[in-house]
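Lifted from Swiss-Prot, the feature list:
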- 1-38: topological domain 'Cytoplasmic' (TOPO_DOM)
- 39-327: domain 'ABC transmembrane type-1' (DOMAIN)
- 39-60: transmembrane segment (TRANSMEM)
- 61-82: topological domain 'Periplasmic' (TOPO_DOM)
- 83-105: transmembrane segment (TRANSMEM)
- 106-154: topological domain 'Cytoplasmic' (TOPO_DOM)
- 155-178: transmembrane segment (TRANSMEM)
- 180-202: transmembrane segment (TRANSMEM)
- 203-266: topological domain 'Cytoplasmic' (TOPO_DOM)
- Arg206, Thr207, His208, Leu209, Arg210, Asn269, Ile270, Ala271, Gln272, Asp316, Met317, Leu318, Gly319: glutathione binding site (BINDING)
- 267-285: transmembrane segment (TRANSMEM)
- 286-300: topological domain 'Periplasmic' (TOPO_DOM)
- 301-322: transmembrane segment (TRANSMEM)
- 323-608: topological domain 'Cytoplasmic' (TOPO_DOM)
- 361-595: domain 'ABC transporter' (DOMAIN)
- Tyr370, Gly394, Pro395, Ser396, Gly397, Ala398, Gly399, Lys400, Ser401, Thr402, Ile403, Ala404, Arg405: ATP binding site (BINDING)
Amino acid sequence: MPPETATNPKDARHDGWQTLKRFLPYLWPADNAVLRRRVVGAILMVLLGKATTLALPFAYKKAVDAMTLGGGAQPALTVALAFVLAYALGRFSGVLFDNLRNIVFERVGQDATRHLAENVFARLHKLSLRFHLARRTGEVTKVIERGTKSIDTMLYFLLFNIAPTVIELTAVIVIFWLNFGLGLVTATILAVIAYVWTTRTITEWRTHLREKMNRLDGQALARAVDSLLNYETVKYFGAESREEARYASAARAYADAAVKSENSLGLLNIAQALIVNLLMAGAMAWTVYGWSQGKLTVGDLVFVNTYLTQLFRPLDMLGMVYRTIRQGLIDMAEMFRLIDTHIEVADVPNAPALVVNRPSVTFDNVVFGYDRDREILHGLSFEVAAGSRVAIVGPSGAGKSTIARLLFRFYDPWEGRILIDGQDIAHVTQTSLRAALGIVPQDSVLFNDTIGYNIAYGRDGASRAEVDAAAKGAAIADFIARLPQGYDTEVGERGLKLSGGEKQRVAIARTLVKNPPILLFDEATSALDTRTEQDILSTMRAVASHRTTISIAHRLSTIADSDTILVLDQGRLAEQGSHLDLLRRDGLYAEMWARQAAESAEVSEAAE
């Protein structure tokens, strides 16, 4: 499992060995013997496949020697045919073992990648709201997407391309040493070293060229999209020629970079072919010379040629393999960087669950700000009695919505305490805390699923009867009944297929399914028209019965019947009392009420 605090790796982005070391437990899980057996089985298939491949040139050599030395006699023909059949069987066996290896290992690779992705996803849900507000959602999901896609390919190349090639190279060196001596061994080793060094050097250069090409491609696309999105502005100012020139400049830069990238590939292919063919020509010339001296046979020529061809065939892809492994390690490291991200708001060790008998809420001298250089709440203190209806109002920026975020413990206050039923919320589990709270926000976001799913989301395992009861309580049951598909009606992405009032009723029903003792309405009607607002307010009043309710509001008319109204001003409690008490004081609340009443009167006069 991922650590609860960051491990502060030196540099996960570039430390490939450290990244592989961290991934090893996913590939060799201590708690899954079946997957470990699959890994062993895949390795066994690799070894059997490579052993078969290494045996093929021997069969090829024996068949050729039988044909050239036997003079067509029946025994020689029989031997030659036998080795030809052995060669064919060996090739089939090589393909068989390779595919069996893939079949055996596929589950290992997929499970390892899945478990890593699951750990990253779980970690993301543990991170604070600050992290998610600071990072783009698409950026985070892209890290997971790239990581899961590249890990599988990287593992394939590491385990089934690089490792078998190293095994084959070692075996070829031993075979050449035993059969032909030091000269051919030295030439082969030097050629492989030159091949690998050249491929790595040119591939590094090509990677930089490719990155530049991709960056310029993005710039060209961005300029085109920006220009077309601002079509009217371009026309207003007659700037078509300027836009065309800007796009042409970006497209030209991209084309130049693309040409360099493709030319570099040609250079890589030429360099690789030069090294391989120099070795092949030298090795075969040396073998032909040995044949002319009577030391070697025609079969030895075929033997050497076949081994070198088999050896360099996987090396032909070395450039792509190197890039893929390099990118895979970077993508995997990015996933580990997410896992290593510090959890800002965490449960204290052995934290108990919150037990709510009397759902009171207390803010005790709370000091908080989203940034250390900007304090939002300045020693805020107030108490919400169990079963009461309390409203929080104030000018924009007074810290009203911050109270809801602190109560849900999306952030911890710098100083002071927040208590529910006398228990400090920082000392109880976050799961139990949030189970005691329900919220209907200003913009209720729904999942891209059915109405039934969104209502039942309030509590895991909610029954259909509970969903029906919640829909009736939120006064949306009749609307659902009129829909052709009823509860199975899709709401669309973020609930866009529903009106604002319908979305709010679904959100209220979802909260009713949760059935928390404390309810928060965070400007739940501010985005609705007046008629819909009144309907929703009636529903909210019914829902709030027998619960502790905190309503954060901008329009004062929606909370005038609250038991207590808290008036915030610049992060401090300026006033508190009932609606009539606050009007009699003629303070900030009375000023806000008079201003909103005047604005409402102006709107009414304009409508008439």
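Glycine is no exception: its Cβ is also placed from the backbone N, Cα and C atoms.
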Worksheet item: Would the transmembrane segment (301-322) count as touching the transmembrane segment (180-202), i.e. at least 3 C-beta pairs under 8 angstroms with sequence separation of 6+?
Response: yes
Worksheet item: Helix, strand, coil residue numbers for the topological domain 'Cytoplasmic' (106-154) per DSSP?
Response: 45 helix, 0 strand, 4 coil
Worksheet item: Where DSSP helix means H, G or I and strand means E or B, what are the helix, strand and coil counts for the topological domain 'Periplasmic' (286-300)?
Response: 10 helix, 0 strand, 5 coil
Worksheet item: Looking at Cβ-Cβ distances, which residues of the chain lie under 8 angstroms from Gln272 (glutathione binding site) while being 6 or more apart from it?
Response: Tyr195, Thr198, Thr199, Leu315, Asp316, Gly319
Worksheet item: Restricting to the same chain and to residues at least six past its boundaries, which positions have a Cβ under 8 Å from a Cβ of the transmembrane segment (301-322)?
Response: 53, 56-58, 60-61, 64, 157, 161-162, 164-165, 168-169, 172, 175-176, 179-180, 184, 188, 192, 195-196, 199-200, 202-203, 206, 268, 272, 276, 279-280, 283-284, 287-288, 291
Worksheet item: For Ile403 (ATP binding site), what is the secondary structure state per DSSP, taken as helix, strand or coil?
Response: helix
Fill in: Integer Å distance between the CA atoms belonging to Arg210 (glutathione binding site) and Arg405 (ATP binding site)
44
Worksheet entry | Per-region confidence, the topological domain 'Periplasmic' (286-300) (mean pLDDT, whole number) | 86
Worksheet, complete the sentence: Residues outside the transmembrane segment (267-285) whose C-beta sits under 8 Å from one of its C-beta atoms, at least 6 past its ends, are 184, 187-188, 191, 194-195, 198-199, 202-203, 206, 301, 304-305, 308-309, 312, 315-316, 319
Discussion item. I'm trying to understand the geometry here, so how far is the Cα atom of Arg206 (glutathione binding site) from the Cα atom of Gly399 (ATP binding site), in Å to the nearest whole number?
Written reply: 53
Worksheet, complete the sentence: Least surrounded, by Cβ count within 10 Å, of the binding-site residues Arg206, His208, Arg210, Arg405 is His208
Practice prompt. Please indicate, using numbers and ranges, the residues of the same chain that are 6 or more beyond the transmembrane segment (39-60) and have a C-beta under 8 Å from a C-beta there.
Written response: 27-28, 83-84, 86-87, 90-91, 93-94, 97-98, 100-101, 104-105, 108, 159-160, 163-164, 167-168, 171-172, 175, 299, 302-303, 306-307, 310
Worksheet item: When you measure from the Cβ of Pro395 (ATP binding site), how many other Cβ atoms are you left with inside 10 Å?
Response: 15
Worksheet item: In whole Å, how far is Pro395 (ATP binding site) from Met317 (glutathione binding site) when you measure between their Cα atoms?
Response: 65
Item to complete: With DSSP as the reference, give the number of residues of the topological domain 'Cytoplasmic' (203-266) in helix, strand and coil.
Response: 60 helix, 0 strand, 4 coil
